[in-house]
Amino acid sequence: MATPSNPYAPRRSGASPSSSAAAEQIIGKFKRMDHIGKGSFAEVYRGIHIVPNTQQEKRQSVAIKSVNMNKLNKKLKDNLVSEISILRSLHHPHIVSLIDCHETPSRMHIIMEFCELGDLSAFIKKRADLVNHPQTQRMIEKYPNPAVGGLNEVIVRHFAKQMASALEFLRSKNYIHRDLKPQNLLLNPSSVYYSQSGTLERMPLAADASSLLPATGIESLPMLKIADFGFARILPTTSLAETLCGSPLYMAPEILRYEKYDAKADLWSVGTVLFEMMCARPPFRANNHVELLRKIEERKDHIRFPEGIVCSRAMKNLIRALLKRKPTERMSYDSFFSDPVIREEIPDMVDEDLPQAMQASEPEPPVEPPKRVQKMPVEMDRRPSDSPYSRSPRDRTGMGSTPPSRPMSRPSSAQAAGTPPRTLSMRRGSNAPIEPIEEHAPLREQRRPVLTNAATAPARQMPLSEQAMAGHRRRYSRDDQAPVPSSLKDTERERRTEAGGMREAAERAAQDAALDDGFVFVEKRRVEIDALADEIAVGSPQTQRDRVSQRDTMKRRSTTQGAPTSTTGATAPSKAIQIQRQPSLTHQRAGSYERRRPYRPSFESATSALTKAMNMVSIRGLGLSPPVMKGVSPPQGYSAFPTYPAAQSSLLLVGDNDQVTTKDEAATTVKKIEELAQLSYVIYGFAEVKYKQLVPVAPSDEGLGIGPGGVRRKPSTDVIEDDDDDDLTPDTIVTIAEEALVLYVKTLALLNKSMDVAGSYWNKHRRGSLSPEAASRAAVIAERLNRVVSWVRDRFNECCVKSEIIARKLKQAQQHLPTDHPSHPQNLSAASGSATTVGSAENILLTTGITAEKLMYDRAIEMSRSAAVDELTGHNLPSCDINYSTAAAMLEAILEDEEESGSRKLDTEEINGLETEDRQSIQRLLEEIQRRHKTLKKKIEIQKAQKRNSITSAPAGLPSSRGSPSSQGTAR
């Protein structure tokens, strides 16, 4: 869900009165006002409640989420319907409530509770400015931010209690959220603020009488509400899910590994949110989900907190218990709800926030519950008796000590009329008595947790600057405290605070770039492809031979020390040893080998979704061109690209393959995968030209990305700054970046389809028993399949990483454009139709209207014309051969359906955004190029034959020449 921006953040919209007036619209009982936020497919507006039939305005605010239904595919529409259905059934103080819903033919207007303070992510980022705003000024005065880290622990515990209260309610209904993150945790000023500031009439419109009354926590602090249930679903306790949903930085490892998961995945997200509130950064940060999972695995459950941070032992223990990689070792829901941080009183509260029972002089707790002192609106004085959540005798305790609410009992008859009771409850089946309040009284004597010098975090690799001092420090266990004198404590605390502050400033920029912007579905596809490639690799004959040779090799001790040289006398390693080393070069994902779940093609993956989104701009006519700028497409340095790199066993059938027929389904399938890989390679080469204009690399890194020994080089992900763009204007960078991005996405679409074909074949044939003769043929096919799938997997991951880099470049360049430029972010609107929205992760807008098909079509025309001219003049015929084949491959890629479907589509259906007329035009051009290409190859064969004849007819005394060109289609 797109969340409203906080009041102390600069607004990107509604800058002028005219634009505000244009935004006003009557939607049922509400008037839509100014624009406050934007999502991938929705705009969020602030609305006000109006009296029916009178148009008299009230000052109570609501949030109106206006979803453009025309931009949603079936999957997203299902998510929207699911979100509305879930919100209708959920009524809890710490869950954003649905107030109303209005549907039009083109838009769905969802009226929800308005959260004035925005989301928790902005709250943490702008924590230094909270003291300057009326809604949070008193909070910061009472609980100032620490010098190192994020929010005061009192505030963190307050939010943790409220988050636990909402989760306990969700678990009682068997719901799992699946996308808990700071951006989906919205905040409202406390009711105490509205009461004391005399602005009760400005309180947001409440869905029911208790939605603005906190169920737990501190009454004077902001109120937290969980939002965005687009990925939520009903998941019974014994069920497991396997859909990759959520935001990578806050995803549980089992989801990143594409394993089945249960509701415990939400607990991991809770741990990441608590860590970020305490430390002002997520516990794990990475550019993509593969790197993120690697960092989580490498940490091995050792959660390290920044030095100098003020964090109690109980809070650290809770976060560490939540951030366990294995769900079986992770804290359970019952343990979480009964944890001291959630169940017990919040320590170090100021006197005015203490429950009234704690301030009473009598040692015994009062019999009657304390009554609220502030006055609430009249419509909130009466609470419906059929509230979906209930109260219990535990409501009589103070708010700071109240545990979260579970499904509840009926209101007590002793409840005072007109006084909204606390929405707190006892746990089901719990017979434990309520602890006397006086047992918590000693906690008030200690105003701040003592910061000791004990090493509370697991051991980590220290920088070189710290290793020199390591010998003088004693490491203590988590349960011990270092006996440091008080004077040394102060010095050490100052040193840690200063060092932590420097690190805080250095990490802030990295955090902004690494913070997740939304839902990244492409990560799911990468996990699926990695899992399939690993599974096929395990089942290939080569890998099985490696295992046998490894067992044989382990029976004897290897004495090989190195390569044979004249000086060392080392013997060359045996063939068996060489074989067993090969898998380590390309297949290191041991965790994926253990899974044998069927591969499921995902047609709604990011590859397909991104391509469909970008191809919303019509390609009809094909005569339109992007703005012509110096140095942009097509670059003069672009030449034809070689075919998909095959092994020595000739993975591809190069040349005229019309005469090649086969009745073997396996061979046909592998041939289809190889053809798709070849098409993707051609488009990838085109994208690489654009990429290297924006991110130059050393000459040694060019080519096929293959290093010494056949090891594939990892694409550079560090070059994301603007140092290499100094010679390009922002306008030029925007154009090149958009062209590169759409070409990479087109490449991903073809790679995606090739993996779908491989997955369908693998699921169908992997379990069958074969005769010895058939098994021998299958082994050869499996070898080819393993090689091509491994290549596709590596290329898919590389394109994902590079497309992320280009996306960042594009967003940076758009920010650097003049403010009056049409492509500047403040002049763009996803709903206006003037720009194309790409994906749902970063709200990338393509302003030039370019598509991959348009670029490929223009380039194919240019290359075929160049080849035709050279053919007529007889100049450089091998180069003409490459140009013709590359142009034909580009046109074939345009016509290739990106989805692997068992049913044949109608001729009138659009495929990849192309209408029938456009496809027919491209098909005619392709046939003409193929015809000329066939004629050219005949000319080349004639030249070769003439050259051979001239060699054989040469005098015997002259040496023969063997300088003929290499085989067809070879790149020069």
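Placed from the backbone N, Cα and C atoms, the Cβ positions cover glycine too.
When Swiss-Prot is compared with the stretches 1-20, 281-300, the one noted as region 'Disordered' is 1-20. The stretch that Swiss-Prot tags with region 'Disordered', taken from the ranges 28-62, 938-972, is 938-972. In the three-state DSSP scheme, ALA42 (ATP binding site) falls into the strand class. Each residue contributes its Cα atom, and for ILE36 (ATP binding site) and ASP179 (active site, proton acceptor) these two points are 22 Å apart.
Taken residue by residue with DSSP, ILE36 (ATP binding site) is part of a strand. On the 0 to 100 pLDDT scale, the model's mean across the domain 'Protein kinase' (30-342) is 85. In this structure, of the binding-site residues ILE36, ALA42, the smallest number of CB atoms within 10 A of the CB marks ALA42. A Cα-Cα distance of 19 Å separates VAL44 (ATP binding site) from ASP179 (active site, proton acceptor).
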